[in-house]
Amino acid sequence: MLDIKLIRENPELVKNDLIKRGELEKVKWVDEILKLDTEWRTKLKEINRLRHERNKIAVEIGKRRKKGEPVDELLAKSREIVKRIGELENEVEELKKKIDYYLWRLPNITHPSVPVGKDENDNVPIRFWGKARVWKGHLERFLEQSQGKMEYEILEWKPKLHVDLLEILGGADFARAAKVSGSRFYYLLNEIVILDLALIRFALDRLIEKGFTPVIPPYMVRRFVEEGSTSFEDFEDVIYKVEDEDLYLIPTAEHPLAGMHANEILDGKDLPLLYVGVSPCFRKEAGTAGKDTKGIFRVHQFHKVEQFVYSRPEESWEWHEKIIRNAEELFQELEIPYRVVNICTGDLGYVAAKKYDIEAWMPGQGKFREVVSASNCTDWQARRLNIRFRDRTDEKPRYVHTLNSTAIATSRAIVAILENHQEEDGTVRIPKVLWKYTGFKEIVPVEKKERCCAT
C-alpha cells in the first residue's frame, strides 16, 4: 500500500510510475484519491471545530447552572452539534473506505533501476554464470539468449526433457496423480523423493550458516495476511480458499512470514530479522492454461525454501543484493548454469519495487527458465500489515521494509538438475554438494538398477 503523503506531495511521480507499469486505467485514480482526501481532511477539520465548540458550550452550561441561569438553548445547540458530528463521522468513515479502496489496489513505486517494458520479453539479463551444455540444434537460440557471454559445451546428442527423464528413472507417476487429484499434480518416487528432501536440507543449512532463523510456518493463513502480502488479483488466479473458513492455503512461505509480525512495533536493535521458511506451496495456476502442462515445472503443489528479511528502509537495497546472491550461490554449488534478470515494469507485479529472477539454462528445453525470484517490497507490505519499528520508546515508529527471495523451489531445482546433469543413456549425476544428503551420486534408468537409492 502506498503512503497517502506521497500522493499528496508528489502525485505526478505516482502517475508516471503507473504509466511505466502500463497501468493506464489507474492513472486517474490519483486525482480521485486527492479529491477524496481533500474532502476527508476538510470534514475532519470541521469535526474538530465542532468538538471544540461543543466543549466551550459545556463549559458555559456549567457556569450558567452555577448561577441558576437557563441552559435550555445551549443544551439544544449542543445536541445539534453532537448530531452533526455523528453525521460527519459517518461521512468521514465512508470517504476513508473509498480512499483505502484505491490505495489498496495501487502497485508499489518502482526503483529507478527497473527497466521499462511491457512483458517478460523486455526483462534485462544483467549477469551470467556457468558453462552450459547445449545441443547443436539449440545453439543459435542459446547464443541469442546468453548474449554470447557464457561458456558452453556442444552436445551432439539431443538432451531429454525432464518429464522424459522422470519416466526413465522411475521418478514420478503423473497418470495416477491425475486420477487421484487432476492435472498438474504428481507422485514423486524413489530417488527423486530423496533429492527433493536433500535440496531442502542443503538450502536450509546454507542459510542458517548466514544467520537466518529456520521457520516452518502455518500452511494456512487468514485473509488479512493474504491481503497484506499480495495483490487482490492473486485471490482469483493463485490462492486456494478453505471453504466456509477464513483460511487460505499459502502459495509461498513469504506470506505467513510477512504476517508473522503484523500489527507489531519491532525493536530497531533487532533489525534486520532474517528468516528462512520451509513449506509446501499451493497454487491454482489459473492463468497458465496450456503452459508447461507436462512434468513438474508448473504445478499446484511443491516444496520451497524461502528467504524473508525485515530491514530498516535505508538498508533494504543492500539486502536485496544479498538475498539474490545467496540464491545464486546455491545454484552455483548445484552446478546449474544461469542468468540473472532485472524484471521490467510490465512483468514486475504489484508488490515489488524491484525484482530479480534467476533463470536456469535447461538443455532439454533449449531455453532459460525461472527458478528464483527475489523482491524488495519496500514498505508496501509493511503498511498493509502495520509492521513498524523504532529505536527508542519516545520515537515515532517507522515502517520496516520487507524482502523475499526463493532459496530453492524443489520441483524447479529438480528439473534443472535432471536436464543439466543427464547423460546420453538417461543417467543423472547428483551434484557433489548433495551427496551427503542423498547418500547416492547418480540416478540410473529403471532397467539398470536393482533397487532404489543405491550408492
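In case you wondered, yes, glycine gets a Cβ from its N, Cα and C as well.
Swiss-Prot annotations:
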- Thr252, Ala253, Glu254, Glu306, Thr406: L-serine binding site (BINDING)
- Arg283, Lys284, Glu285, Val299, Glu370, Val371, Val372, Ser373: ATP binding site (BINDING)
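Positions of the features from Swiss-Prot, shown on the structure.
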| residue | record | Cβ contacts under 8 Å, 6 or more apart |
| --- | --- | --- |
| Thr252 | L-serine binding site | Ser279, Cys281, Lys304, Glu306, Asn404 |
| Ala253 | L-serine binding site | Val215, Pro217, Gly277, Val278, Ser279, Cys281, Lys304, Glu306, Phe308 |
| Glu254 | L-serine binding site | Ser229, Gly277, Glu306, Phe308, Asn404 |
| Lys284 | ATP binding site | Asp237, Val238, Ile239, Tyr240, His300 |
| Glu285 | ATP binding site | Arg184, Asp237, Val238, Arg298, Val299, His300 |
| Glu370 | ATP binding site | Asp357, Ile358, Glu359, Arg412 |
| Val372 | ATP binding site | Ile324, Ala327, Phe331, Tyr356, Asp357, Ile358, Ser405, Thr406, Ala407, Ala409 |
| Ser373 | ATP binding site | Lys355, Tyr356, Asp357, Ser405, Thr406 |
With an 8 Å cut-off on Cβ distance to the Thr252, Ala253, Glu254, Glu306, Thr406 Cβ center, who else from the chain surrounds the L-serine site? His255, Leu257, Gly277, Ser279, Cys281, Lys304, Val305, Gln307, Phe308, Asn404, Ser405
DSSP says Glu254 (L-serine binding site), in three-state terms, is helix
Same-chain residues at least 6 apart in sequence whose Cβ lies under 8 Å from Val371 (ATP binding site): Phe331, Ile336, Tyr338, Ile358, Glu359, Ala360, Thr406, Ala409, Arg412, Ala413, Ala416
Cβ neighbours within the same chain of Arg283 (ATP binding site) - under 8 Å, at least six residues apart: Val238, Ile239, Tyr240, Pro251, Val299, His300, Gln301
Can you tell me how many other Cβ atoms are located within 10 Å of the Cβ belonging to Thr406 (L-serine binding site)? 27
Please work out the number of neighbouring Cβ atoms within 10 Å of the Cβ of Val299 (ATP binding site), leaving out its own Cβ. 19
Hey, does DSSP put Ser373 (ATP binding site) in a helix, a strand, or just coil? strand
